[in-house]
Ligand SMILES: Cc1cc2nc3c(=O)[nH]c(=O)nc-3n(C[C@H](O)[C@H](O)[C@H](O)COP(=O)(O)OP(=O)(O)OC[C@H]3O[C@@H](n4cnc5c(N)ncnc54)[C@H](O)[C@@H]3O)c2cc1C
């Protein structure tokens, strides 16, 4: 079984096992004072269970991350987040109408009297925060907000989590049993420990231990720059070609700005390198990062590595600056390899001389595909299924690693499906996390 499939199976087995225990506990101990309150409790319990899963998905646990990938975990988190919102609305609605029914009063009066009880009020505040964050995560709003603003507001969810836990501790009357209560809070303990480990302990420890520093800043073209990083004990850093870090250059940008960039060379135990195209302030400013300044990193992250390779032969496809992890992967030892590098003009093909040298050294084929997509007769569509199959006749027998702009990556993945390349042989990195 492939490593990714093992991790997915482990994660979903744990989720299903937890849900089975929760359903048993609910049936055994979860009766409310009337049937509406019982339903309200059912949704409250499941709301908490969904929150636990949401936290695990974004805890950045190294074991899960390198097997499933942060991009996929984030997509799951996003979709499950919408389920969480509906569960929250149902929990709130049934609790209000349940108590209104019990007290024979209108729901609005019940709402006001519950808002006067501290534990219920805390639940309501947590709910409002979750609803606000969910509304800014809707794709339409998310695209219009700067990343930092969206991320900053998203951090409010930690406040909602804290308040929500206090709400549960005081209102959590669902389990009228000691062992049920012990089980529930033990699972919460594990989930919070995972969050602290992945988000705080591991990054803090790695930065203290490795003391990352800028060693050199090398312009690759007018709008692309490489930053070389050194540090202590880099041979102990568990990074692989194809992975990325989230980088902070506080000497230059301030603490709050963090950008994900892939390694553009395989880690060699002595240094790391990122290569960034200027897109906005963060990436454009990398040119001016002072040599010798400290760098703070989170990572390594990502499942775009050869631990997922299933076949000896590979096809590496890059579009534009998507060449960075592909360039690193080309350093990994392996079987027959072909690289397709899509750019508008040869001048845009950054890192080309070193790619040519690497390809030559390992006997790989490297093709630079130029021109505007759709231009000319016949139209320039190198990643159309027929063109891919003509260029790489044994494509179905290869693992394909593709990294480029989201539209190009989607087009390639679509063509690979049309050609019958099995899903487990297709590995994609889109340079976008949500
Ligand atoms: C896994 C991954 C690997 C990447 N590797 C490379 C690489 O090797 N070379 C390269 O040139 N580019 C890479 N990118 C893209 C790069 O992260 C963005 O171009 C860069 O962060 C833009 O930031 P900015 O401040 O210059 O521009 P802004 O205008 O501030 O940001 C532009 C967009 O970049 C994205 N972005 C910014 N900060 C973050 C963040 N902390 N987390 C997630 N997305 C963010 C957002 O979608 C934002 O809307 C990668 C992206 C991802 C997700």
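Any Cβ shown, glycine's included, is placed from N, Cα and C.
TrEMBL has this to say about the protein:
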type     : residues : note
TRANSMEM : 9-27     : transmembrane segment
TRANSMEM : 39-59    : transmembrane segment
TRANSMEM : 79-99    : transmembrane segment
TRANSMEM : 111-138  : transmembrane segment
TRANSMEM : 150-170  : transmembrane segment
TRANSMEM : 182-202  : transmembrane segment
DOMAIN   : 207-307  : domain 'FAD-binding FR-type'
Interface-richest range of 9-27, 79-99, 150-170 toward the transmembrane segment (182-202), CB pairs under 8 Å: 9-27
Stretch in 9-27, 39-59, 79-99 most in contact with the transmembrane segment (150-170), if contact is a CB pair under 8 A: 39-59
Counts of helix, strand and coil residues, the domain 'FAD-binding FR-type' (207-307), according to DSSP: 17 helix, 40 strand, 44 coil
